[in-house]
């Protein structure tokens, strides 16, 4: 079983003190920083753009896991690569040219991720398994933090992990995002996930080190 990766989502952080918030969770022992980018079209919310990522990148050396919840993500791959993203994840539902988007990311020298909304079948992954470094299974409907995990998505996590292993891609990460906390993280791990996006479960807690330690304890690590 892969070593679990904890990736706090800055969507739940205090945007007025963003660098301090990121520094704090890194000191607290997280592994990646998950950056949710929303355009108000693909999802009903707006967050941040390349200038914010670029500003953080000047001061932060951590892995930037940039989740593009935007229509036609091809338009934004270049700007976020230039801003300092290490991994860019696009949504299967957001463009008719998913393969092209994944190729653009990989040709830029970055890791490529593909996200699936709760209602999206993983069947379409079959011809893309050779082009991804990560598959993100949304465990809530995207757009807002603080939602409860959709239980049926755990079966999809297991199916995606099986598809990857059967295709000879055990190296590909399976990430879960939405409703991840001490009461759900082990279920997601048992289903096959190894990257865990936690927003409210980390940033809503006064002691972020204790929050991250509690997530790891719930995972049994």
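Keep in mind that glycine also has a Cβ here, set from the backbone N, Cα and C atoms.
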Besides 34, 36, 67, which of 166, 171, 177 does TrEMBL list for that divalent metal cation site?
177
Just going by other Cβ atoms within 10 Å, which of the binding-site residues 9, 200 has the emptiest spot?
200
Non-site residues, in chain order, whose CB comes within 8 A of the mean position of the CB atoms of 34, 36, 67, 177 at divalent metal cation:
7, 9, 11, 35, 65, 69, 89, 136, 197
Express the distance between the Cα positions of residue 9 (substrate binding site) and residue 34 (divalent metal cation binding site) as a whole number of Å.
5
To see if you understand the setup: which same-chain residues, six or more apart in sequence, place their Cβ under 8 Å from that of residue 67 (divalent metal cation binding site)?
34, 35, 36, 37, 89, 113, 115, 136, 177, 197
